[in-house]
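First comes the structure, then the notes that go with it.
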Amino acid sequence: MGLRFQQLKKLWLLYLFLLFFAFFMFAISINLYVASIQGGDAEMRHPKPPPKRRSLWPHKNIVAHYIGKGDIFGNMTADDYNINLFQPINGEGADGRPVVVPPRDRFRMQRFFRLNSFNLLASDRIPLNRTLKDYRTPECRDKKYASGLPSTSVIIVFHNEAWSVLLRTITSVINRSPRHLLKEIILVDDASDRSYLKRQLESYVKVLAVPTRIFRMKKRSGLVPARLLGAENARGDVLTFLDAHCECSRGWLEPLLSRIKESRKVVICPVIDIISDDNFSYTKTFENHWGAFNWQLSFRWFSSDRKRQTAGNSSKDSTDPIATPGMAGGLFAIDRKYFYEMGSYDSNMRVWGGENVEMSFRIWQCGGRVEISPCSHVGHVFRSSTPYTFPGGMSEVLTDNLARAATVWMDDWQYFIMLYTSGLTLGAKDKVNVTERVALRERLQCKPFSWYLENIWPEHFFPAPDRFFGKIIWLDGETECAQAYSKHMKNLPGRALSREWKRAFEEIDSKAEELMALIDLERDKCLRPLKEDVPRSSLSAVTVGDCTSHAQSMDMFVITPKGQIMTNDNVCLTYRQQKLGVIKMLKNRNATTSNVMLAQCASDSSQLWTYDMDTQQISHRDTKLCLTLKAATNSRLQKVEKVVLSMECDFKDITQKWGFIPLPWRM
């Protein structure tokens, strides 16, 4: 009996201890939470930035944001939206280093992240005049610019922008621009409702070293109308447009103005560096790149093997601008008079999105140029989502804007955009009134879109009259489509020319309607990326899967007359020798290794293929190996996946049989 009593006593004491410990930890948590809300950052010890790591990519301090059902942070109040939490700490974020928010402030950091879709607490710890490194190359630093450069008006549109971010943009413009070149700064408020952007902002800009004026839209109108208001009131020779969440680095302005002085018909863009939305670190991007648009007219960056060109002449000078088929649209400079001569903006475009597409096409097709200056670096806060809303919804606004741009400037290719862009249909062109913009195109005597593709963007991945566009189908010999295709190809006359893509295109087009009618989306298998979630610009293995409907681009390809098999976002079917480094990288990505990949398009023989209409085999031009569908084991995931490889050709092998189903892309 005594033994049992002793055991019960020990259990009771253990229970009391655990209860006391749980209460103690709960009390500590409550105190930390209260301190995070009431305590200021001014007394916090300046956190030491993480040590530098050797990597191909600059380090980035990742913040995990809550994603799930319910709102663990509570609803945002009017005070939350209107409060200005700017409390800079000397040296924080210096030289573009990341900001480390103290652990006690992490809850508050997550809560206020939602206001602007970036880490507001990190931004509010950084002084407005934080130091940045000189991101220019040695050649750019040594470059001398002529005297008598034109003056500029810097136009910044904002809507409910964070105080610290907006003012850091303005401060960087003032501190890193030669005073005699900076005519003024024009701020355009697109109907902000946050109190600190009213009288407080007006009082602040009155004492700036550069004349700064604020214009306010009477109602929420979007980027294009707001920029037009700023341009109408500008006095500088050049209009320089910046977003409200930027930081200009040393020497950013002179290269832009110098290029416009050389040619007033040039729209010149800076290199856009990355400011992290998580920790506001500043990361330099590489200079040798250019921009264009994918099949849905979304802007994309591509690494460049394009020749540097100035006024159409090739250049080996690394400081000369790079001609770019398209521009991102947020940051650029243009001669003020030329801006209006070329039709400024399409004033019927709402909010933002599509205006950069329209301007890129218009400038090139109507006699101007769009370029990127490698000597001008401006940082930009890139967000994973937008904090803004707009009547009608952003998706509807964007599709309307794209429909306007495509209808006016893309000729036959407008139908391709409307057929294969989500939210658009062929009827979209009838819903937009573009009479004035069409008249502008006629008045400026602009060139056709085919000229733009052939001369400005010859490496494009869009369909064209001399290209195949459609699906690549695996001819398993069982489906009706596979049997009909094989029968048609085997009965063709003059098969000695069968390895010429041009001949294949002609024969396929002659049976286009018949072949399209035969394809069975439930049974036929089409060539496609192995992983749907792999970025299209990175290495991705290739497989076959259920053929998708016409509106999806996952299994649609363009084939050029020289044998390049391309798909959306400038990705090409590529033969790669199995080098150890590539295999290791693919395994680290949980990828199945293969010697056939989807990779960024390049002008080399690894991406050139031939087709034999007699045997229905696709072979790599140099190695003479044929595309083959095989089962491969993913050792990391421990599962078998079907992948496309290049193997010795065997005309009897059913896994090497491929056909082409054309799809419509123009009227």
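Glycine is treated like the rest: Cβ placed from N, Cα and C.
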When you check Swiss-Prot, which of CYS140, CYS626, CYS649 turns out to share a disulphide bond with CYS375? CYS140
Swiss-Prot tags one of ASN129, ASN175 as N-linked glycosylation site; which one? ASN129
Matching residue for the Mn(2+) site, where Swiss-Prot names ASP243, HIS245 - out of HIS159, HIS180, HIS377, HIS380: HIS380
Mind checking which of CYS526, CYS572 has the disulfide with CYS547 in Swiss-Prot? CYS526
Roughly how many Å lie between the Cα atoms of CYS140 (disulfide bond) and CYS526 (disulfide bond), rounded to a whole value? 49
Fewest other CB within 10 angstroms, which one of the disulfide-bonded residues CYS601, CYS649? CYS649
If we check Cα distances from CYS626 (disulfide bond), which of the recorded positions ASN129, CYS366, CYS375, ASN433, CYS526 wins as closest? CYS526
Using C-alpha atoms, which one of the recorded positions ASN129, ASN279, CYS366, CYS601 comes nearest to ASN433 (N-linked glycosylation site)? CYS366
If one measures from the C-alpha of CYS601 (disulfide bond) to the C-alpha of CYS526 (disulfide bond), what distance in angstrom results, rounded to a whole number? 21
Whole-number Å only: compute the distance from the Cα of CYS572 (disulfide bond) to the Cα of CYS366 (disulfide bond). 31
For CYS375 (disulfide bond), which of the recorded positions ASN129, ASN279, CYS446, CYS526, CYS649 has the nearest Cα in space? ASN129
Using Cα coordinates, what distance in whole Å links CYS526 (disulfide bond) and ASN129 (N-linked glycosylation site)? 55
